[in-house]
Amino acid sequence: LCFKEFSKFSDFSSLIAAESFNYKKFFEMVGLKKKSPEDVKKVFHILDKDQSGFIEEEELKFVLKGFTPEGRDLSDKETKALLAAGDKDGDGKIGAD
């Protein structure tokens, strides 16, 4: 996944406006559900900045910046919603699985 691939979506601006981030729409737009498990792991490792094997709340704040130069930091509310969606075991972080 890269900016070039992501920028083809016409409603990308709807994710950039403050307090507009919708993780379901984001996942749909970047096609993560259609990606192979290997591609999803590549994205995971890009987002796992400290290479801890987990994506923590602090790393999630910057998810949009990983896809476009115009990306912004997510708000605390948006970050917590994204974390809750991916944190299946409730430990406060997202594992590769």
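Glycine too: its Cβ is placed from the backbone N, Cα and C atoms.
What TrEMBL says about a protein is an automatic prediction, not a curated fact.
Pulled from TrEMBL, these are the features on record:
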- Asp48, Asp50, Ser52, Phe54, Glu59, Asp87, Asp89: Ca(2+) 1 binding site (BINDING)
- Asp91, Lys93: Ca(2+) 2 binding site (BINDING)
- 35-70: domain 'EF-hand' (DOMAIN)
- 74-97: domain 'EF-hand' (DOMAIN)
Could you pull out which residues elsewhere in the chain have a CB under 8 Å from any CB of the domain 'EF-hand' (74-97), counting only those six or more residues past its ends? 18-19, 21, 23-24, 41, 44, 53-57, 60-64
Rounded Cα-Cα span from Asp91 (Ca(2+) 2 binding site) to Phe54 (Ca(2+) 1 binding site), Å: 10
Name, in the order they occur in the sequence, the residues of the same chain whose CB lies under 8 A from the CB of Asp50 (Ca(2+) 1 binding site) and which sit 6 or more residues away. Glu56, Glu59
Rounded to a whole angstrom, what is the C-alpha distance between Asp87 (Ca(2+) 1 binding site) and Lys93 (Ca(2+) 2 binding site)? 6
Give the residue counts of the domain 'EF-hand' (74-97) per reduced DSSP state, in the order helix, strand, coil. 11 helix, 3 strand, 10 coil
May I ask for the distance between Asp91 (Ca(2+) 2 binding site) and Ser52 (Ca(2+) 1 binding site), taken between their Cα atoms and rounded to an integer number of Å? 14
